[in-house]
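Beneath this line is the structure, given in structure tokens, with notes to follow.
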Amino acid sequence: MAIKTYYDDDADLSIIQGRKVAVIGYGSQGHAHAKCLRDSGVEVRIGLREGSKSAEKAKEAGFEVLSNAEAAEWADLIMILAPDTSQIAIFEKEIEPHLKDGDAIFFAHGLNIHFKKIVAPKGVTVAMVAPKGPGHLVRRQFTEGKGVPSLIAVENDPTGEGTALALSYAAAIGAGRAGVIETTFREETETDLFGEQAVLCGGLEKLMMTGFEVLVEAGYAPEMAFFEVCHEMKLIVDLIFEGGLSNMNYSISETAEFGGYVSGPKIIDDHVKESMKKVLSEIQDGTFVDAMFKDVDAGQPGLKGLREEYANHPLEKAGKDMRSMMSWIANPLDETA
């Protein structure tokens, strides 16, 4: 099925310019959305919880900072950019009491709407604008006269103008310069979760850890194992990012290329594909999301335990030791502490 893509010429910027927009959250996406919207002539205020460390940054950027409830009462379009696990409480306690017919609530990820953890009043437009890039990239591209491709979707459309409103918002943050792709909350949510769990985070992380274990158990030095199964991953991913799998295979040695072709299917075989299908099924039927929120309600013992377990894997120690030799790496974690 062909996707439907929009550009600036398809958008009416005056629609979003006629709205009062509250951006809930001032993190990676929040600061980018707020600044780009303001530069596009939109009236914007920031909603934050009391005591938020982001409040000072938002004020320094020239925004009026309100509580989430005050922002929701003031606005007629509310973009919720708080973490998935925080959105439900924010919505129920601080946003929903102030919603009225004709208002709109927007999201950058569809999880809580798709799985009905958040249910908006029938008279409220529910839509999504999801840039396919981090906030700093969204902002930088915007200031350079470019844009980051974004997804839009509409879940509830009481006025019949939801798509036009979402497209106008997307254009105001620069997405129309690159392309705005129409999707659904279901498609965005389920594919996003699957990609994270089966490939980008869960799958890749375990692949590297298991490869490391195989080499070390076979008697190879942990440092060598780290280099071969983890450190060089960036080189490969950059090649794929720049030009696809074919570009990667063209750029590596013929030995690596041939080895990849003949051994890759031995690792990622039909059993792995069936396991991936099971992961997808548990996303689709809500099993994963229910388990995540059950853990959240209990104080996240599952997440915290797994986080500690993974952080203590021998691959992490080998990586820390080797990165200390690489002066060119700007490490986001303070590994000298």
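Just so you know, glycine gets a Cβ as well, placed from its N, Cα and C.
Features reported for this protein in Swiss-Prot:
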| type | residues | note |
| --- | --- | --- |
| DOMAIN | 3-183 | domain 'KARI N-terminal Rossmann' |
| BINDING | Y26, G27, S28, Q29, R49, S52, S54, D84, T85, S86, Q87, G135 | NADP(+) binding site |
| ACT_SITE | H109 | active site |
| DOMAIN | 184-329 | domain 'KARI C-terminal knotted' |
| BINDING | D192, E228, E232 | Mg(2+) 2 binding site |
| BINDING | S253 | substrate binding site |
What are the sequence-distant neighbours of S28 (NADP(+) binding site), meaning same chain, six or more residues apart, C-beta distance under 8 angstroms?
P134, G135, H136
Return the member of Y26, R49, Q87, D192, E232 nearest to H109 (active site) in space, with distance defined Cα to Cα and candidates limited to these binding-site residues.
D192
Measuring Cα to Cα, tell me the gap between S253 (substrate binding site) and S54 (NADP(+) binding site) in whole angstrom.
47
Residue among binding-site residues Y26, R49, Q87 with Cα closest to the Cα of E232 (Mg(2+) 2 binding site):
Y26
Which of T85, Q87, S253 has the fewest nearby Cβ atoms, counting only those within 10 Å, among these binding-site residues?
S253
Taking the Cα atoms as reference points, how far is T85 (NADP(+) binding site) from E228 (Mg(2+) 2 binding site) in Å?
36
Looking only at C-alpha atoms, tell me how far Q87 (NADP(+) binding site) is from D192 (Mg(2+) 2 binding site), rounded to the nearest Å.
18
For D192, E232, listed as binding-site residues, tell me which one has the smallest number of other Cβ atoms within 10 Å.
E232
Please report the Cα separation of R49 (NADP(+) binding site) and D192 (Mg(2+) 2 binding site) in Å, rounded to an integer.
27
Mean pLDDT for the domain 'KARI C-terminal knotted' (184-329), as a whole number?
97
For E228 (Mg(2+) 2 binding site), which residues in the same chain are close in space, meaning a Cβ under 8 Å from its Cβ, but six or more apart along the sequence?
G211, L215
Rounded Cα separation (Å) that holds between Y26 (NADP(+) binding site) and D192 (Mg(2+) 2 binding site):
22
For each of R49, H109, count the other CB atoms within 10 A of its CB; which of these recorded positions has the top count?
H109
